[in-house]
Amino acid sequence: MSYLFPTYKRWEVEPAHAKGSYITGVDGKVYLDFTSGIGVCNLGHCHPEVEQAVVEQLKKFWHVSNLFPQSIQEKAAKLLVEASGLDLVFFANSGAEANEAAIKLARKATGRSKVISFTNSFHGRTFGSMAATGQDKIKQGFGPMLETFTHLPFNDTESLLQEIGKDTAAVILEVIQGEGGIHAADVDFLANIQKACKETGALVIIDEIQTGVGRTGKPFAFQHFNLKPDIITVAKGLGSGFPIGAVIGKGNLQDAFGPGSHGSTFGGNPMAVSAAIATMELIFEGAFLNESASMGEYLFEQITTKLGELDGVKEVRGLGLMLGIEISANIAEVLSTLRSKGLIALPAGENVIRLLPPLNITKAEVDQAVDLLEKTLSHITSATV
Ligand SMILES: Cc1ncc(COP(=O)(O)O)c(C=O)c1O
């Protein structure tokens, strides 16, 4: 019997330890991990430089509160600002909390309350971020949602132009919807969002919680497009497994988040922040992202060549090392078969295998994963669903 609320349907693999791209189960079986803890351990498990940074901080102090100036917070914020081109950072503990803060910031800065988000989006499980989320299954049973949010069809400019107005505080979106099934926004749609927000005074909030910190081959996914967001939210991969979230905003929003306006006891916790600094120094500097982007292209190419023609594979899509394979078979069964063969992957949307390997994955590991995918998917057919 379990003493935990059964909010997660758990897999049969219990990890004993994990290193790099591999997890070893308590039974000694070794698995190639193409989930990175759901887009979190982007440097692989237990990266030695992140470990060293956290251990060093562990020996100095663990927590003092945000009433004290903390130069490591400033250092982490500077790295985020330099990588994003925005100006100011608020640290939270998770993605949902970062989105809550972003929504509060946009409402306070504009003095407006309406927020537009999109169908199939995922923004978190707190009351505000759940209400922002465009998937009914996430909200079922929790009663009336906040009226602040309107959900429009993703990639539909016409409905956006009909809805957005002088009462819109913000438009919030993922440029590549992760949980929703690896769906990218159209370039034109993004340009139209930017233009409509400029005309109406609404803010553009880009949720980079899954796509950020290098996942798509650039520091942030919005940088693939001609976008100038007012606010971005980050979490997951920022701390390599230590819980941290962040809101990064333009300097002109400063007054809306003055002393006492928003806060978090643990936000910017020294352990998480030291992990974030080490993570960003490794990912944002040198050739890391170029190599990671090339590996993403290699993975995409291998999947399309070796799996693209299989009967049960409908589509391969994504960017960088955030890829989805839409299949015509029961996703839970396929993922279970993959695990039995030694590859751990994620579901997304309806029938999508989501691959979020570490950003420093090697070619040999990619080849191993593609081989296991091929062995599994060659047995399914379009009639298997
Ligand atoms: C795009 C996006 N936003 C927000 C969240 C929520 O993040 P957290 O689970 O850290 O609250 C997630 C988590 O999957 C996400 O993918």
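Yeah, the Cβs are placed from backbone N, Cα and C, and that goes for glycine too.
Copied from TrEMBL, the annotated features are:
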- Gly95, Ala96, Phe122, Asp207, Glu208, Ile209, Gln210, Thr265: pyridoxal 5'-phosphate binding site (BINDING)
- Arg125, Ser264: N(2)-acetyl-L-ornithine binding site (BINDING)
- Lys236: N6-(pyridoxal phosphate)lysine (MOD_RES)
Cα-proximity to Glu208 (pyridoxal 5'-phosphate binding site), 10 Å cut-off, over recorded positions Arg125, Lys236, Ser264: Lys236
Residue pair Ser264 (N(2)-acetyl-L-ornithine binding site), Ala96 (pyridoxal 5'-phosphate binding site) - Cα distance, angstrom, rounded: 13
For the binding-site residues Ala96, Ile209, the one whose C-beta sees the most other C-beta atoms within 10 angstroms: Ile209
Euclidean distance between Cα atoms of Arg125 (N(2)-acetyl-L-ornithine binding site) and Ala96 (pyridoxal 5'-phosphate binding site), Å: 6
Cβ neighbour count within 10 Å of Gly95 (pyridoxal 5'-phosphate binding site): 29
Residues among the binding-site residues Ala96, Glu208, Ser264, Thr265 that border ligand 1 - Cβ under 6 angstroms, in sequence order: Ala96
Distance from Asp207 (pyridoxal 5'-phosphate binding site) back to Arg125 (N(2)-acetyl-L-ornithine binding site), taken between C-alpha atoms, in Å: 14
CB contacts for Ser264 (N(2)-acetyl-L-ornithine binding site) [other CB atoms within 10 A, all chains]: 17
Spatial neighbour of Lys236 (N6-(pyridoxal phosphate)lysine) that is closest, considering only the binding-site residues Gly95, Asp207, Thr265 and their CA atoms: Gly95
Candidate with the highest Cβ count within 10 Å, taken from the recorded positions Arg125, Lys236: Lys236
Cβ neighbours of Thr265 (pyridoxal 5'-phosphate binding site) where a neighbour is any other Cβ within 10 Å: 10
